[in-house]
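Okay, so here's the structure we're looking at.
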Amino acid sequence: ALSDKRSVQNRSPTCKIKKTLNILYVLFTMCILCILFSGVSIRLAGSGATQCSGRVEIYYNNIWGTVYGDGWDLNEAEVVCRQLNCGTAIQAPLSSYRSPGAYQIWLYNLACSGSESSLTQCHYTGWGMYNNNNNYYNYYYYYDAGVICSDLIRLTGSGSTRCSGRVEVYHNNSWGTVCDDGWDLNDAAVVCRQLNCGSALEVPQSAQFGAGTGQICLDNVGCSGNESSLIECNGSGFGTYSCGNHHDADVICSGKKAFRLAGSGLTRCSGRVEIYYNNIWGTVCDDYWDLKDAQVVCRQINCGTALEAPRSALFGAGTGQIWLDNVGCSGNESSLIECKYNQFGTNNCGHQQDAGVICSGTGQIWLDNVTCSGGESSPTECQHSGFGTNNCGHGQDAGVICSGEKITYYQVVCRQLNCGSALGVPRSAHFGAGTGQIWLDHVTCSGSEGSLTQCQHGGFGTNNCVHNQDAGVICSDLIRLVGSGSTRCSGRVEIFHNNSWGTVCDDNWDLNDAQVVCRELNCGTALGAPPFAQFGAGTGQIWLDNVTCSGNENSLTECQAKDERKLQSVPIRLTGSGLTRCSGRVEVFYNNIWGTVCDNGWDVNDAQVVCRQLNCGTALQALPSAYFGAGTGQIWFSYMTCSGNENSLTECQHSGFGTNNCGHQQDAGVFCSGVRKTLDHPQNVKNGNYSYFIASSYISLGKSFCL
């Protein structure tokens, strides 16, 4: 009987309608997902646009819309050029006009790696959030993204870059290679000019970037070097050739943006980093500047390995333009412009933050198989295989450790300045020659003194030096090793925060974590990671716990950890112009003061944590640029990095309380849903009507589902 009853219910008109609505809802959701994550139509438009250059527009929902240019660079442009089969991206310009036919901004805050086949495969903040009709962000139309593609030519292949690789041309709807018969620098110069890649440096032979496949389009190319396009040169004609792909032609161009090292105390492989762009030399800001960034510069200028990444205008402050800020390299790039960074010329720095590099250097290996008796006064007096005769690489460069001047002298300086441990002892006015009086000479310290004046010395003002012998020091800054029985490279780990030194708890502490500390202190390889306060128990604050490093980080602060500085959740609130309970400017209460959050790195994941903490449902938008008005007073957080699963903002990674380089015009805001699901108006509740709140609008789906 029960079975019959269920059978009758399943055949009832009400349940059939409910099942139909369920199916329609699923199909509707699938369609939305398909539209959002599949390729969409794309075109290049605007005044002076061609098939392969112009303002980027996307066709979606029967409307052509633009792409907002925030963060737009050659990586994103490369994807557009690939999607349109237009070769390589040459420029990623931003338009300064509004399209009368485009009322919608479809994509915002795009971030592409450059290898995607469609813009919709890149990361972006939102889809279609900003519309000219609802007066949200009208001014963003003045920053529409554009591209200039190479059109009929590109560089590709194994190990290729934007300005080096195997030459391919587009003909008869397919890409083909060029034979290297007669291929020379004149031919390469035309390719480099066509791709806006500076001068031709080299014409590698025998398919150095790998052999292509398919059609060989050109052979016996003969250019004078003055042509504007490869197809203007003499040759055998399209499709006429007498070679195989193992003879594909390659080029290596200089690239449009040149680099140099400058400043006080510079050498060929150390100095202030400067970039030549738009016919102007400019500097690089040191925000997030580290060894990985320096490694790219050292590689680019053929100066070996990065030893240091000096900040704070170590080689003197530059003048004029600051071209790059917030540089983020993996360390494997062949050029600094392949790294992530703000748009050229976009920064919030002064020249007192100019970045520098100190590279190991490269060059001639003069001596090999050196054999000395020990009595010689110079290595050149020893037996050797002859000047310049060797079978070595720079990975075998010889080194020496002398008893020489003890680092204890410099340890006192770092302690006196509250700057951790001494890492390096640069001499010969490494940081530039001073002027005026030389006060101390022949300084001898035990290392335990509290001040340099407590050490033995030759007497104030007594010296036989000149200023090109001025001493310098490089300290570890925020980390040190101390305790009973400690040395410069062994001891209790302490870090400096909030004007005080504190310890690190040994929960899960292992050799990987110790390796990072040894690297940070320039102390070689980690031999042990002793627990249980072997060097004595510290006092005061414990700053970090549950540190987990891979061992490859450059600083302990880059590792995962439970940060004792932010264990307690701090109160937060939403305020500002136009706020509601679940939308407004984000403020946090710390040290008895309400302060704001800077929008550097602010995204929907961060907003999600705020919405969860305030019990306000789901984050719909993460609003930058003081959307709800600029706050006043303290800015507590910057560079928030949340996964979106945290229960409180203080559980996310951030720059540290009060550490930022922002102004209140960058105050972050959120727009939360309030609740994930709501019933319709009370008069419809009896009928079971159900609504979802999606992207600032209600979508009514009619009757509820069968439950």
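Including glycine, each Cβ sits where the backbone N, Cα and C put it.
Unlike curated entries, TrEMBL annotations are predicted automatically.
If you go by TrEMBL, CYS598 shares a disulfide bond with CYS662, out of CYS523, CYS652, CYS662, CYS672. Looking up CYS298 in TrEMBL gives a disulphide bond to a cysteine among CYS233, CYS243, CYS349, CYS359, identified as CYS359. Among CYS223, CYS243, the one TrEMBL lists as the disulfide partner of CYS233 is CYS223. Only one of CYS392, CYS402, CYS414, CYS549 is recorded by TrEMBL as the disulfide partner of CYS475: CYS414. When the candidates CYS179, CYS192, CYS329, CYS339 are compared with TrEMBL, only one is recorded as disulfide-bonded to CYS253, and it is CYS192. If you compare Cα positions, CYS455 (disulfide bond) sits closest to CYS112 out of the disulfide-bonded residues CYS112, CYS192, CYS233, CYS672. Considering only the disulfide-bonded residues CYS349, CYS372, CYS445, CYS559, CYS233 (disulfide bond) has CYS349 as its nearest partner by CA-CA distance. When averaged over the domain 'SRCR' (411-476), pLDDT in the model lands at 77. As a quick check, the domain 'SRCR' (572-673) and the domain 'SRCR' (153-254) miss the bar of 3 or more Cβ pairs under 8 A, pairs 6 or more apart, so the two do not touch. The residues of the domain 'SRCR' (259-360), classed with DSSP into helix (H, G, I), strand (E, B) and coil, number 16 helix, 36 strand, 50 coil.
Nearest Cα neighbour of CYS372 (disulfide bond) among the listed disulfide-bonded residues (CYS285, CYS414, CYS445, CYS662): CYS445.
Taken residue by residue, the domain 'SRCR' (153-254) breaks down under DSSP into 16 helix, 36 strand, 50 coil.
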